[in-house]
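According to TrEMBL, the features are:
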{"type": "TRANSMEM", "residues": "48-68", "note": "transmembrane segment"}
{"type": "TRANSMEM", "residues": "75-93", "note": "transmembrane segment"}
{"type": "TRANSMEM", "residues": "113-135", "note": "transmembrane segment"}
{"type": "TRANSMEM", "residues": "156-175", "note": "transmembrane segment"}
{"type": "TRANSMEM", "residues": "206-227", "note": "transmembrane segment"}
{"type": "TRANSMEM", "residues": "239-263", "note": "transmembrane segment"}
Amino acid sequence: MNFTLFLIALISHVLGDFVFQPDKIVKGREAICLKNTKGYILSARYNLIHAFIHTIIFLILVFIVNYTSLLDLSNYLLSAIFIWCIHFVIDYGKCFYKCNVDKLPYKLSNLCLFILDQIFHFIALYIIFIVFNNISFYEFLEYINFLKGKLVPYNNFLAICFILLFCTYEVGYFLKFLLNTITRSNYEEDEGAKNGGFIIGVLERIFIIISVVCTQYALIAVILTLKSIARFKKFSEDYFVECFIIGTLVSLVTAYIAGLLIYKLI
């Protein structure tokens, strides 16, 4: 049951951080950069709302997965409170760092900050649901050993959901930060559909995952060919080609690995 809650917490984290976080909350959390009392309070309020969204998603998923009554949800309230606290502390700390980084001797890039933020969240969730329940790391590895079939059916389903969300949304934001780190200051991006590149990347990884799960690897070549044709006119720009190759390779590798993991879980 602890491993089930851990998977639910991971899913709720990805949903809360990337799917159900509107721009208004993102901008509100950055109000700390005003560096006055009002800014600190406003940022704290929006970070509390953001953490509360994580908690609500967690409780809803627990309710759905366990088919419990509303009264039974009280058994998981302590875990929900921990989730609320860790998300608030980590996210508020990140906002504080971003707005005071100029005073520090070493500045982390947005990409490094994003990676560290996700690592801290995953470690915190691991501690809450695994370490606090006296589950050793070896037992944890045994639980996620796909080849020995240790997972129960609904855990398999939850693991698949997490892998899909991680590979589509989280990898998408990782690519956005990665490409921003190598973007030239004088580079002018052509105006296109809002979030068009992000959506294309999500669909690309979904189709690659489906191709791997169905062992139809030829479809991957078709997907990459269609993507190349759509961007053919820009291949004369060396800088664009470099970004295109980096983004495509990261998408391809992560989606291929995700497809293999899902194939073992089915």
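Glycine is treated like the rest: Cβ placed from N, Cα and C.
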Leading contact stretch, 75-93, 113-135, 206-227 vs the transmembrane segment (239-263) - CB distance under 8 Å: 206-227
Remote residues contacting the transmembrane segment (156-175) - C-beta distance under 8 A, at least 6 residues beyond either end: 4, 7-8, 10-11, 14-15, 17-19, 65, 111, 114-115, 118, 144, 198, 201-202, 205-206, 209, 247, 250-251, 254-255, 258, 261-262, 265-266
